[in-house]
């Protein structure tokens, strides 16, 4: 065989081997071929079928379940440094972004990237315990990993925002959207005042605190509305504003039947005022906010809804009352009396008056307050001073059958009586307190006349300079003499 023929055969053999090797490589699932196929984007279905989703996976630390690229199934998001994208478009955890490769892929192909910090995220800066401001929490963690590798102390995120931030940064989207109560309080609180009442001690002749309450400013020159039962005569009334300024107040008008009072301070500057809304427009279910100073804790805020807009006084056992109270589940505690009940517009729709139990409180409607202020203004225009009024200094209820049964259930020693007026609070420092009346006494007679309703007591106070009262207390029958206080 000639040499040229042998060389030709060897050449064809080599070519055949290369061809066979190429065919084998093309058919075999080698890694680079599999990687190439994985970079082809999988199409999203026309309609999601949750039953075809795989079981929920257990995500590694730092990861979280998020919707996949198509929004059909839940997948574990990639954390920093892990691959993202690919055929199924694996997402990164919130706060990270999937970094794209430098080369542009053809249309319809998916690229594999790496999750990393989202640079330049607005408002994502954090302050570290090392005093440095990092562009994001992700950037701080990246620095911490490098610090641990070189044996340095990692920094702890101590504050959202720059280290020099004074804390007055704008609230986040959710806080801005849902914290409507805070917006109401910010608007209303400067007009709410704390009332501290003092009485003179008979032993030391010094003024000592006797009770407290709340009120709200209705005129720039210092007129303040509160509850009548908050005030007692012959006492010093000290008003403290939100800014801490203190003034002594005088009583301008008082109506014990409405349980409303108007006092006046002499401020150095104009004061912020609250406007009265229309309680007749109030609807059951509306959000309301109660502000005041319960237990002398100033600037206390509670919120709730209106349970009913017209709870008649007769339903509360107040047979002589013609007021339809606003019932709310906003908590009104002792000391909250006289504070405003406002709607979400910041308008006063009631004055906090009475708490029966947790979740059941009552307010006098603003329409009654408006009429009270209008009557006062009319008297001022006509030059008429308000009539002298007498003040006993107690809060009372007619002793109904239901109330009698409840009191006997709570106190086995409660007087065995079928009618009378139940005293549920005696105002400290008042004429009633000085005479010896106590909480939970039962008044059965005044000046020889039987007493069955609160109207009997009010009329007796109005028509007499002094009162001879028969009181039942437990198993005792007491005879007390009371001289009502005169209020101008």
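Placed from the backbone N, Cα and C atoms, the Cβ positions cover glycine too.
What Swiss-Prot annotates here:
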type	residues	note
SIGNAL	1-35	signal peptide
DOMAIN	40-118	domain 'IGFBP N-terminal'
DISULFID	44-70	disulfide bond
DISULFID	48-72	disulfide bond
DISULFID	53-73	disulfide bond
DISULFID	59-76	disulfide bond
DISULFID	84-98	disulfide bond
DISULFID	92-115	disulfide bond
REGION	213-373	region 'Serine protease'
ACT_SITE	229	active site, charge relay system
ACT_SITE	259	active site, charge relay system
ACT_SITE	337	active site, charge relay system
DOMAIN	384-476	domain 'PDZ'
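For residue 44 (disulfide bond), the spatially nearest entry among the active-site residues 229, 259, 337 is 337, judged by CA separation. Across the residues of the domain 'IGFBP N-terminal' (40-118), the predicted structure has a mean pLDDT of 75.
Across the fold, the C-alpha of residue 73 (disulfide bond) and the C-alpha of residue 337 (active site, charge relay system) stand 55 Å from each other.
Residue counts of the domain 'PDZ' (384-476) by helix, strand and coil are 25 helix, 29 strand, 39 coil (DSSP-based). Cβ neighbours within 10 Å of residue 259 (active site, charge relay system), excluding its own Cβ and spanning all shown chains: 22. Cα proximity to residue 92 (disulfide bond) (within 10 Å) is found for the following recorded positions from 59, 70, 76, 98, 229, 337: 76, 98. Around the Cβ of residue 115 (disulfide bond), 24 further Cβ atoms fall within 10 Å across all displayed protein chains. With respect to residue 70 (disulfide bond), the closest of these recorded positions in Cα terms is 53, chosen from 53, 76, 84, 115, 229. Within the set of active-site residues 229, 259, 337, the entry lying nearest in space to residue 115 (disulfide bond) is 337 (CA atoms). Cα-Cα distances to residue 229 (active site, charge relay system) place none of the disulfide-bonded residues 53, 59, 72, 76, 98 within 10 Å. For residue 53 (disulfide bond) paired with residue 72 (disulfide bond), the C-alpha to C-alpha distance reads 8 Å. The most crowded of the disulfide-bonded residues listed here (48, 53, 72, 84) is 84, judged by how many other CB atoms sit within 10 Å of its own CB.
Long-range Cβ neighbours of residue 337 (active site, charge relay system) (same chain, at least 6 residues apart, Cβ-Cβ under 8 Å): 213, 214, 226, 227, 229, 230, 292, 352, 353, 354. DSSP assigns residue 98 (disulfide bond) to a strand segment in the three-state reduction. Each of the disulfide-bonded residues 44, 59, 73, 98 was scored by the number of other CB atoms within 10 Å of its CB, and the largest score is that of 98.
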